[in-house]
Amino acid sequence: MRTPKDLISFTCSALDEVRSQSPLVQCITNSVVVNFTANVLLALGAAPAMVDIPGEAGPFGRVASGLLVNLGTPTAEQRDAMLEAVVAANDAATPWVLDPVAIGFLPVRTPLAFALRDLRPSVVRGNASEIIALAGGGSGGRGVDSADQVDAALEAASALAGKTGGVIAVSGPVDLLTDGRELVRIANGHPLLTRVTGGGCALGAVMAAFAAVDGDSFATTVAAATVYTIAAEIAAENATGPGSFAVAFLDALAGVTADDVARLAVLR
Amino acid sequence: MRTPKDLISFTCSALDEVRSQSPLVQCITNSVVVNFTANVLLALGAAPAMVDIPGEAGPFGRVASGLLVNLGTPTAEQRDAMLEAVVAANDAATPWVLDPVAIGFLPVRTPLAFALRDLRPSVVRGNASEIIALAGGGSGGRGVDSADQVDAALEAASALAGKTGGVIAVSGPVDLLTDGRELVRIANGHPLLTRVTGGGCALGAVMAAFAAVDGDSFATTVAAATVYTIAAEIAAENATGPGSFAVAFLDALAGVTADDVARLAVLR
Amino acid sequence: MRTPKDLISFTCSALDEVRSQSPLVQCITNSVVVNFTANVLLALGAAPAMVDIPGEAGPFGRVASGLLVNLGTPTAEQRDAMLEAVVAANDAATPWVLDPVAIGFLPVRTPLAFALRDLRPSVVRGNASEIIALAGGGSGGRGVDSADQVDAALEAASALAGKTGGVIAVSGPVDLLTDGRELVRIANGHPLLTRVTGGGCALGAVMAAFAAVDGDSFATTVAAATVYTIAAEIAAENATGPGSFAVAFLDALAGVTADDVARLAVLR
């Protein structure tokens, strides 16, 4: 079990790796956040590719460096594309991230999320309610908002990690990440991130970008969340509301340095 | 018939209610403005949920606080989802807003708009050409732009209110709102709002958010339009073009106060 | 063969024409950039209309002033709509722009791009890899990024112009435009434009707007690319990263003048 200090050190080098390798991240994501997600990846130095139609999602999944599957607005074509892309990613041993947006009582995405869970995502990112629902308990949150506190999802996250063999990231005021063996909390971030649509969804794409540059999924997921939430803190210093925050956040993702990470990271 | 002063006073308290209740607003809207619409609702303090696929739109419509149905880019799945969601909203007595974008000669959305009209939306929001077309006259505007002046839609708006039993809001340089009994004009706003895509569409979502917090649809619709157009005025003070205006507008929606409303509202 | 000076002079008057005529530009484009594309057109003074469903794309194509067909996220409905709209545009002698995003090995969009190419687009805009692939050679780039330099596409661009009878615009650090008879390079622009999703895609829409105001497709395409890349330079002066750049770019498109063009254009 690594110390927070180890993980912060890893984060600093992983950030440089993402920028130098510019991983190609395939995103099958919702219509609300698809633009912001692409801009977040570009700002960070990664290369987004929103290849999300059946017949192309699979072939592209074989060449992408990482994959995000986000259930926010799952059209019939996207649902087929998700399964295609995940099979391809698994064949190619490409890391992929599942974001089970608003699952619980919604009758199309919820069984799809369970089917995707059983295909063993490298990372699952969600709020507490979504993680509890995907672990098999609870009935989800209020739309995209969590009805549960992060720590209420601790047991569910561990159980879910047991099922997927991957990393579970529970987003909230303090993020909680575990792969069932290691566990860390990240106390960085800013409330304005919850006032911008895609604030959570785009983090899933960033986790796919980081996972693409190193096989250590737990550490790359911690690195992604740490860089992302520190960029939010930097952005908030220059923001006067959610509009200017979103703009400053993209600038901060482009500008955040390993030094900023070392100085600002609060892991425990 | 209330005075402008009464309605401004109502607006001030409705704004506070939206922020304290944070209504869950389901939006089935077009791909162009879906991101901006979600950000507008978040900035205002409401909770957006873009649940727009068949099989989910109905179940979600039963739990949402308000619903927006916007015909901007109506895919086949969205068209089915709209009908599902409206039936659910009507069953649950949930207020819903219809935005008949660019109806007139376009052969898919126009009959759909008439079918939705007959399901009695709580509020219809459109430009003058759209309102005239939905009332059964005219052939619509030039794409999404109105070919008619706001006051040319006065008779159509009253007739349409008679058909739906709800509120009709005609957007333009001076907005006109009526439910067939009361009528008010709102002279707030700024031309830059027409230079940002979604400037009109997102207002429909805001009307759904306000309608969710009080059963007085006429007054909540007036409140939504007043807050929205005052935020545009505040934003324009800090803008150097349409890009910076859109950013400042989100900040202004988050920051606008009851005092600003009382000071700036121009209703007659 | 006109001189760069001739083309710059044409650009200055074409910019004024776009603003005074406000051409109605139908866009069938990808979900990632559809919002940004509409905002770019609005900032410039054109009127965007994203009419992209079967049954409506054709009728609208008969009344639009220009058309963009962009293959970024081609859903089944959009693919049908593209063919409908292009047939209508050709019938009405309306100029249209094809953007063959990420073609090469992707098996749905690539044959579609060839079919659209054979319908003789007025303008094809792409990166070097896309142009080479559409001319019948190469296997495309890395997702949306070019694997080839602009000048490597020179021969392909000329061959492609021979097939379409139109203009071919190869985007890159220095843009190359040819219709097989005339050829010009535009050395304006800024690297931050590649850090904003839609930086290339929205240019296709701007080319459709300019093509709508004058029948001289080569000159209007040069004008569109020149105005667009000069606006990027102006925006970069006020940007601290990709987020603030995107905002400043919209402001710059709204504010750029014929004088700016005359002062800053670098054509050769």
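Note that Cβ sites are derived from N, Cα and C of the backbone, with glycine treated the same way.
Since we're looking at a predicted model, the values are computed, not measured.
Per TrEMBL, substrate binding site is recorded for C:MET50, C:GLY198. According to TrEMBL, the feature ATP binding site maps to C:ARG125, C:SER171.
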Out of the binding-site residues C:MET50, C:ARG125, C:SER171, C:GLY198, ones whose Cβ falls under 8 Å of a chain B Cβ are C:MET50
The number of other Cβ atoms within 10 Å of the Cβ of C:ARG125 (ATP binding site), counted over all protein chains shown, is 32
Rounding to whole Å, the Cα atoms of C:GLY198 (substrate binding site) and C:SER171 (ATP binding site) are apart by 13
Rounded to a whole number of Å, the separation of the Cα atoms of C:SER171 (ATP binding site) and C:MET50 (substrate binding site) comes to 23
Within 10 angstroms of the C-beta of C:GLY198 (substrate binding site), the count of other C-beta atoms across all shown chains comes to 26
Using a 10 Å radius on the Cβ of C:SER171 (ATP binding site), the other Cβ atoms enclosed count 29
The rounded CA-CA distance in Å from C:MET50 (substrate binding site) to C:ARG125 (ATP binding site) is 19
Within 10 angstroms of the C-beta of C:MET50 (substrate binding site), the count of other C-beta atoms across all shown chains comes to 28
C:GLY198 (substrate binding site), DSSP three-state class -> coil
